Amino acid sequence: MFPIIPGIPFFLFLVLLPYSIPWMEVDSTWICVVHYLACLSPTIGSVLYHLFMNHRGGRHVYDTLLSLDMFGVCLVNTLGALPIIYVTLLCYPTVQRTALLVYIVLSAYGIYCATTAHTNVLRLRAFVWQALFRFLLFVFRVYGSGAGSPNSMRLFVIMDSLAVLGGLVNIIQIPERFSPGLFDNWGNSHQIMHVMVVCSIIYLHWGTMEDLAWIKSYQCPTV
């Protein structure tokens, strides 16, 4: 079966997303680039994985395709968080650069863990520390002196909630666990997970666009 569920979002993100990104209105264009790549990466991996998963090359080929799929998921967690870190720590340049570097290095290790894991539980666990890192950023925004649009926080929380819930649904295998065979073609946990991941990416995009619109008129307080 052609990978319709990840294929349609990939095409829509590829074509439509650039029109909603303010490329020329931000000082740091790299934010727009990494955000665009973050939104595309999980759909690219999923399309390739589902397109070739009916191969006859054995376990090695399947594991390679699965690792490619997981690599795309890792990239959205890594690249998607970089604009959040940048905006949150906008008024602390030294801390900002350090946090970006630490997140990238730790993400590289997380990518290794996720792409070499042999169970869904271990793959999901590889993203835990990234979620904790973002949680600390959100706490700093709410209770500290972190920067960022007040409207983006709700969107980012929904983003992470959908991603985590989608991973749990895939691991628990609901609803096919209760009706074996009934959801083999449509409505199974893997498809539900893909839909929730796409929704999570959309909320990531909305939240990032809120931050980029907000940052244009924001000035860090002078000491």
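Cβ coordinates are placed from backbone N, Cα and C, and glycine is handled just like the others.
Small disclaimer: the values here were computed from a predicted structure and weren't measured.
For reference, TrEMBL has these:
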- 6-23: transmembrane segment (TRANSMEM)
- 30-50: transmembrane segment (TRANSMEM)
- His50, His190, His194: Zn(2+) binding site (BINDING)
- 70-92: transmembrane segment (TRANSMEM)
- 99-118: transmembrane segment (TRANSMEM)
- 124-143: transmembrane segment (TRANSMEM)
- 155-172: transmembrane segment (TRANSMEM)
- 192-209: transmembrane segment (TRANSMEM)
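Remote same-chain partners of the transmembrane segment (70-92), defined as residues 6 or more beyond its termini with a Cβ less than 8 Å from a stretch Cβ, comprise 28, 31, 34-35, 37-39, 41-46, 99-100, 103-104, 107, 110-111, 114-115, 117, 123, 126-127, 130, 133-134, 137, 140-141, 145-148, 156, 197, 201, 204, 207-208, 211-212, 215, 218, 220-221. Ranked by Cβ pairs under 8 Å to the transmembrane segment (155-172), the stretches 6-23, 30-50, 124-143, 192-209 are led by 192-209. With a cut-off of 8 Å between Cβ atoms, the residues of this chain six or more beyond the transmembrane segment (192-209) that come close are 5-6, 9, 13, 17, 20-22, 35, 38-39, 42-43, 46, 73, 76, 80, 83-84, 152-153, 155-156, 158-160, 162-163, 165-167, 169-170, 174. In this view, the densest Cβ surroundings among the binding-site residues His190, His194 belong to His194, judged by other Cβ atoms lying within 10 Å.
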